[in-house]
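Features as listed in TrEMBL:
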| type | residues | note |
| --- | --- | --- |
| BINDING | CYS111, HIS114, CYS184 | Zn(2+) binding site |
| COMPBIAS | 13-27 | compositional bias 'Acidic residues' |
| DOMAIN | 42-219 | domain 'GTP cyclohydrolase I' |
| REGION | 1-34 | region 'Disordered' |
Amino acid sequence: MADVSIPAPSDEAAPDEGEAPAPDEGDAPGGPARVAVDHARIEAAVRELLVAVGEDPDRDGLLDTPARVARSYAEIFSGLGQDPGTVLGTTFDVDHDEMILVKDIEMFSVCEHHLVPFHGVAHVGYIPGRDGRVVGLSKLARLVDVFARRPQVQERLTTQIADALEAHLDPRGVIVVVEAEHLCMSMRGIRRPGARTITSTVRGQLRNPATRAEAITLMTRPTP
């Protein structure tokens, strides 16, 4: 049986072959990274970790692994220090007063307890404030990245997305639902591949049962 948790609503180097190139600073979610990554320190730590588990970090297959890990961590954790305001800072006056929802936003993050990935989708919706101003739809996906690309727990990730929308858009309502599989449950410990955890945060007018039900219906409606 899937382990499902639904909390109550609350107010430098070239890329290695086969690896995706790291994004330029300007392409990182939310703008340039504000946290410098110490590649040398990561490389030294990874080398020590390999020795600690009984591996030879100087063998052919592992010789460049510390540098690869350092480069991948710079990308995977590029959300650290990012200001969500740089994503949500530009709004448009479209005089829209109904719910806006972007669902099935694919996201990848890293569990801060075991430093292994969790992945899934986020559904992000809001009711614009009384001024009717909205953000571009892609900005909601970028906002998810800002908070997913850092050591995380799913509960905090869900809340941070909602907090940022409230702080920067002053909407009348917000709903964020995240569904994810945690590899710390799939590949170790209890070993239950496929179990998905669901977390939600609901604010403002979307706490109204009818409005909330409408949002959930839209989120769960099969995609044509």
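Start at 1 and count along the chain as shown; that gives each residue its number.
Keep in mind that glycine also has a Cβ here, set from the backbone N, Cα and C atoms.
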Sequence-distant neighbours of CYS111 (Zn(2+) binding site) in its chain (C-beta under 8 A, six or more apart): PRO117, PHE118, PRO151, GLN152, VAL153, HIS182, LEU183, CYS184
Rounded mean pLDDT for the residues that make up the domain 'GTP cyclohydrolase I' (42-219): 96
Residues flanking the Zn(2+) site, with Cβ no more than 8 Å from the Cβ centroid of CYS111, HIS114, CYS184 and excluding those residues themselves: VAL110, GLU112, HIS113, LEU115, VAL116, PHE118, HIS182, LEU183, MET185, ARG188
